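These notes are about the structure you will find just below.
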């Protein structure tokens, strides 16, 4: 009885301390604070809480020690919280945490101590952020981690030993990034890995050297990469059983390409450009080869492969594309005499790309700097240097020169660093990049020039760095986009120009930026975007314009952006929104931010064209009293209507009904009339006097039906997008 009384006392204390916007389930030790307006982690969450769901808030930064008051947490969900930075020590004290979900935020960097203290963590979800770079040691404290999800970020390069410390990791998910450079030892510290997902990246060749470190991996996903050729003995993975190379650009596969992967059972080569295959020597364990969607030429040239299939008892999936007499015939149905060669020429066989010699590099290091031979890193951070030092080892791949006082970057400033991938020049008082400043940096992918004094850039400054994919120019002195700069940067993917003084975007500003995917322009003074200003960026996926001076949605400028999935217009003084303002991007848009704008009126047809593809819509902190019909927004995962003064009369009845059907917490509150002020829209009784109330409100007239419908809705919702660690979403 003493224990029971103690538990009851703790429960009563927990209930008393439950933060106002949250719901506390003391019996299960769960706390839910969904889709609210929280800007800081509440410090009154019950100490004994085990599962904490904070989805849909606005934290921006997770400070050091943010969860010290809740040391018993085992599950923490921070999805869609607009988090941009994890301070070192943010999760200290959470030694019991086994599940952490940080998906769909704006995190760009993982620092060495960002995840410190999570020694029991088993699942870490970082999907859908904008992580460009991971510092060595970032995962060093996660000794219990079994699943690491880094899908849909902005990674281009994986340095050696980047996953050091993940001794029990079983599944590494790196899909939907832009990876095209992998260090030879990128996966060297993953002895327990069983599955590696590298699909939907930019790998142009099979990264055989890096993959050879994965002795225990049984499944490898490499589909949707522009790989054209699989060379001799390209894949040496002793335990590999399933290999997916579908939807690539394969034109040829060497006969012994998989000879060093003796356990291979399933080989998926669907949707490539293969006209045939040779007998696959050494792949004695193969059970199935999938070749559907390839332009197979069923001539005499295919006979050796066809005979090998029969001899090795391998099932083949695929059909002939030529000659005409055999078009559509399955490989399994063919007979050798049918495969003839009259008047047919063999297709040209592509040559394997030449192997790039690796350089061991020399071990010199400039005085006062630190050079790490294991990680190929050099650092002269905060040494009060006036000139850029030279004589770094030739195999240096990351060079950190932050917080010095260089003022200018002269021509040929980094001689001999042909392997350099990442260059950090933040906070260096730089006013000028002289022509040829980056000459010879032929492998450079990341260039960070944040927090300097740059106001102009000459295109010639980037000569000699054709692989540059990430250019960060935040917090400088630009008054306009540095036009003409991008012609020498054909591989530019991400451009940061936030917190400058840019006043407008004009035609020609982005000329040459044909491959740009992410454009960050927040915190400038942009008042106008010319209709053709964004025209060169036809591959653009993210456009962030928050915190500018736009007075209307730049509809004309959005034309010709068929891939745009995220648009941020938050904190612009847009008071009125007319019909069809998002029509140019309606077929691709998934995330739309319209919060904190002082928005007073939205036309009934403003969202025309938008619908099931929209996953998140932010409308909080505006002044309108009604919103358009959104019944076809069936894919919503986040809807924030906090701090909007809705007028809860009969004109809002449709919104009331719609909100009641959603399995989401939207935060909509009545601002008027007086008798409804402060009440949740879904709970207000003012709608009960409206014509047609009885017909549309089955929930009000039949509680059992409401309960059943609610269960059905929840079941459907959970089936579509389960939240691991939380048993259900809360409306």
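Placed from the backbone N, Cα and C atoms, the Cβ positions cover glycine too.
The annotation compositional bias 'Pro residues' is assigned in TrEMBL to 345-356. Summarising the annotation, TrEMBL assigns domain 'LRRNT' to 17-51, 364-398. Residues annotated as domain 'LRRCT' in TrEMBL: 294-342, 645-691. Annotation source TrEMBL lists region 'Disordered' at 337-363, 693-731. According to TrEMBL, the signal peptide annotation covers 1-15.
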For the domain 'LRRNT' (364-398), find every same-chain residue at least 6 residues outside the stretch whose CB is under 8 Å from a CB in it, and list them. 136, 157, 159-161, 183, 404-407, 409-410, 413-422, 424, 443
Same-chain residues at least 6 beyond the ends of the domain 'LRRNT' (17-51) whose Cβ lies under 8 Å from its Cβ atoms: 10-11, 57-60, 62-63, 66-67, 69-76, 620-621, 638-640, 642-643, 664-667, 725-726, 729-730
Taking DSSP states H, G and I as helix and E and B as strand, how many residues of the domain 'LRRCT' (294-342) are helix, strand and coil? 22 helix, 10 strand, 17 coil
Over the span of the domain 'LRRCT' (645-691), count residues by DSSP class, listing helix, strand and coil in order. 19 helix, 8 strand, 20 coil
Counted with DSSP (H/G/I as helix, E/B as strand, rest coil), the domain 'LRRNT' (17-51) has 1 helix, 7 strand, 27 coil
Pull the DSSP breakdown for the domain 'LRRNT' (364-398) and write it out as helix, strand, coil residue counts. 0 helix, 7 strand, 28 coil
